[in-house]
Amino acid sequence: MYFWQFRVYQRPLLHPLQTHHGLWEIREGIIIRLEAEDGRIGWGEIAPLPEFGSETLSAAILFCKSLENPLSITSIFSIPEQFPACQFAFESALEDLSIENQSRELEPKNYSYLLPTGAAVFPCLDDILAANQTNTYKWKIAVNSLAEELNLFEKLIDRLPRGIKLRLDANGGLSIAESKIWLKIADECQIIEFIEQPLPPSQLEEMLQLSQNFTTGIALDESVANLRQIEECYQRGWRGIFVIKPAITGSIQGLINLWKKYPLDLVFSSVLETNIGRKSALRLAQEYPKKERALGFGVQQWFNNSDPDWLEKLWTTSANN
Ligand SMILES: O=C(O)CCC(=O)c1ccccc1C(=O)O
Ligand SMILES: [Mg+2]
């Protein structure tokens, strides 16, 4: 049995993140602290993304308030699937308890760096390129008009050195006609690794069709936000890339079972979680046997990470839950 506590946190982004879903200014979530009978502590993070169909923060808070204390391993593995971010958090806290995990080297180097959206990329591009060893970058599209974005895109690829790969993430915001235009350009310019979620999740058939007609890869993200959706898309014929955001996918063990059962091409990706969720997500990404694709965790520039005592402060200054 584990005695446990939770704290709600709010973390402002240094610059708002602009995507097809809107402007994002504050990351909110919940930190979980599990205490084993021998005194070992394990940390976990609930970082919901309701735009992707996960539970909301308020649903997660209600769930935490309803959960037993002390908590058994059985109840951790019985968290219902409508709380995927909670499943991830409690399973990661459990893993974090084991000393073997705590001493393991994390932070692999192969990250995809998330660029500022739209024209905001230009003023800082040289600094970003100089500061990063990575060869993979991601740029959000389907935020401004197609004409404007095509124009910016041409200027952007002109300024990228040889050997750089670019991911374009539409967050489901393109039409079929616009997707065809982007895919045609991507096929011609040979610098695009993949286009991520061009159409909304309701248009899987159309994305299957697009994937047959172009050579540039398509990655599903919003369409495969939880374990059930990953399996469903695979069974409906998706053989392209799956973007996996471990913090909202659900059970960690469930995800490992899925990649052992099917030959899935996975790209791991952040939900702008804190270092607690990040550590568990990266640990999971390291267990995935195929390592060719850069991890979508090049997002630390969006936060001020300079306070090593943030967790201690969160625990002592916020209400005791
Ligand atoms: O995947 C990446 O490379 C960066 C992370 C990212 O784009 C993202 C971050 C938070 C919420 C949604 C998304 C997304 O992939 O759509
Ligand atoms: Mg995405």
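Every residue gets a Cβ built from N, Cα and C, even glycine.
Just so you know, TrEMBL annotations never went through curation; they're auto-generated.
As annotated by TrEMBL, active site, proton donor applies to K140. DSSP assigns K140 (active site, proton donor) to a strand in the three-state reduction.
The Cβ of K245 (active site, proton acceptor) has 28 neighbouring Cβ atoms from other residues within 10 Å, across all protein chains displayed. Following the DSSP three-state reduction, the secondary structure of K245 (active site, proton acceptor) is coil. Residues annotated as active site, proton acceptor in TrEMBL: K245.
Taking a C-beta cut-off of under 8 angstroms and a sequence separation of 6 or more, D221 (Mg(2+) binding site) has the following same-chain neighbours: F52, D169, N171, E196, Q197, V243, K245, S269. D221 (Mg(2+) binding site) falls outside any helix or strand according to DSSP and counts as coil. Annotated Mg(2+) binding site per TrEMBL: D169, E196, D221, in sequence order.
Feature annotation from TrEMBL assigns domain 'Mandelate racemase/muconate lactonizing enzyme C-terminal' to 125-217. Note on the domain 'Mandelate racemase/muconate lactonizing enzyme C-terminal' (125-217): its mean pLDDT in the predicted model is 97.
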Taking the recorded Mg(2+) site as D169, E196, D221, identify the other residues of that chain whose CB atom sits within 8 Å of the mean position of the site's CB atoms, giving them in sequence order. K138, R167, L168, A170, N171, I195, Q197, A219, E222, V243, S269
